[in-house]
Amino acid sequence: MRDIVPHPAPPSDTHCTPEQYDVMYRRSIEQPDAFWLEQAECLDWSRKPAKGGEWSFDPPQIAWFADGRLNLCHNAVDRHLPSRGDAKAFLFEPDDPSTPTRSLTYRELHAEVVRMANALKTLGVRKGDRVTIYMPMIVEGAVAMLACSRIGAVHSVVFGGFSPESIAGRIMDCESRFVITADEGLRGGKAVPLKANVDAALDLPGVAVDGVLVIPHTGADVPMRAGLDHWYADLASDADCPCEDMAAEDPLFILYTSGSTGKPKGVLHTTGGYAVWAAATFRYTFDYQPGEVFWCSADIGWVTGHTYVTYGPLLNGGTSLIFEGVPNYPDHGRFWQVIARHEVAIFYTAPTAIRALMREGSRWVTPHARSSLRLLGTVGEPINPEAWRWYHDVVGEGRCPVVDTWWQTETGGHMITTLPYAHDMKPGSAGRPFFGVEPLLVDAEGTPVTGDGEIEGNLCIARSWPGQARTVHGDHARFTEAYFSTFPGKYFTGDGARRDADGYWWITGRVDDVINVSGHRMGTAEVESALVLHPKVAEAAVVGYPHDIKGQGIYCYITLMEGNEGSDDLAAELRQWVRKEIGPIATPDHLHFTDGLPKTRSGKIMRRILRKIAENDYGALGDTSTLADPTLVDRLIEGRQND
Ligand code: WTA
């Protein structure tokens, strides 16, 4: 089923017509430096760059605009004051629709960012210091990011759903000495104990910080530790706080993301290249026009929230909506109510949310006015054509283009994406490469797969782009190993893909041990390490399996220590255990107790077999003769069928 939905006629003020795309894309590949230096002119530089990309992928060493200087907060906020100081920068919609909404003009945002930046300085934060941000989805979360970039501090935002153990790991890994948090967050009517989680993280062995800045949100009574915890109001000040002049390659933020092995990696982005990438992708992919309300439903704890809640919209002088709540509270019409209330023009969300809401039926959508909508977007995982159709036909009333945007934490912004008025749409395809992006497919040996017809393989990127991550914080060897060693000389994405004869790209999902649960990236190794910490668990092997709503679910095979038996109670206990160790997003969907795991004679777990059994696909188990105990497979299948 490969239908084509034609793109709407380009409006007169569109940023990119079909003809322009072809010319611009060709130029971005043939003259990348000239192209990107020109794009960089959309920003204010204290010293304009003369250099474009200076990079190698073998070994990886990446710089863009290296001789340029700028400040990202200046570009996102201060720069707009003369021209649109009274325009709205942020709109805020609270968790509970009956409580007040809020909005901030660029002038008000500037004042708030200065206050927070001063508070950070008083706390002792200096240029280059890492600051951990653990916040609910409220305006102050974005203000915290901007305040860090204003003073040249490097933010590390940790998603508010992560556990104290996960916060602690991230604080220690980047040696962050400061935390910004709130008393509590609210999600779906429930309080999230953010400050208490930070307290618990700081109580863990080996974790120590110099100061915690606490933003009051729900007004909960939270204990404050003398000398360590500070209420925001006590440190904030309106004193002048100039933007720190930064080199383009100075670090901007670290964001932890899951890989196929080990603990999450602290992916590091730098200032100039990221800013140009965030600004350009936001402008072209959403064809953003001044005055439009843009809503990205992602949390600022993920890269999507970094680039498309905070930086991309503000760099374009846009209006970005921040929503604290969830799609199904107080009812399944919540998203559409928010769109009607704030007259959202562009809505950007994940396929998992679309599928979940589609299941509840169109009757939740149609009572809410959607006439303000002009464009819809998706991100995070492949979207099945059925969900795409519902999004386009029902939510967008058949008149809004849908942009499917493929990208990663490591890419900083969109890489392969539909451009709304330049590309026809194929439901389920992420479209064509963004400017400057040269995707490449290779086979298992690393040989490029080429040809004019349909081709399939491992998705690599052949050349650097400005928004590319520069390293893994404190571990460049891991950066090299994770992204540049499988196929030397290329950036390996970890995804599989197909390119059709029309030049459209179809992402087929991860080909490594990363799974994608409700659009959240999860390393199977992380869940396994959490499980084996439990005293009754001997071994664990975790795989992804198809899940109607989440895209993929978490399937755990578990062997127990001598003398223990699997039971529903133990399964519940282990689910709870993983939630505590990592956070609710890692909650196992399925636990399968077994007396052994399928291993080769050399002791390597054969995950291929475990994946197939979890998928209920027993016909394609492949060669099982190399297993140390071939009879185990039958027992595993029996276990799966008896569930
Ligand atoms: C997946 C999120 C298909 C992909 C921005 C990628 C997608 C991983 C899409 C990165 C899409 C993201 N179609 N798959 N439009 N967008 N992915 O780092 O597997 O949280 O490698 O970044 O999400 O997840 P991350």
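Backbone N, Cα and C define each Cβ position, glycine as well.
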Inset, instruction - For the ATP site, TrEMBL lists G380, E381, P382, D404, T405, W406, W407, Q408, T409, R510, R521; sort out which one of D424, D495, D548 goes with them. - result: D495
Inset, instruction - Can you figure out which of G188, G189, K190, R510 (the binding-site residues) comes closest in space to K604 (N6-acetyllysine), comparing Cα atoms? - result: R510
Legend entry - binding-site residues close to ligand 1 - of K190, S518, V532, H534, R579, only those whose C-beta is under 6 Å away: none
Inset, instruction - Using the structure shown, find which entry in V532, V537 (the binding-site residues) has the sparsest Cβ neighbourhood within 10 Å. - result: V532
Inset, instruction - Select the most exposed residue of G188, G380, where exposure means the fewest other Cβ atoms within 10 Å, treating these as the binding-site residues. - result: G188
Inset, instruction - Summarise the model's confidence over the domain 'Acetyl-coenzyme A synthetase N-terminal' (21-76) as a mean pLDDT value. - result: 98
Legend entry - For T409 (ATP binding site), the one of R187, T304, V532, V537 that lies nearest, given that the binding-site residues are compared by Cα: T304
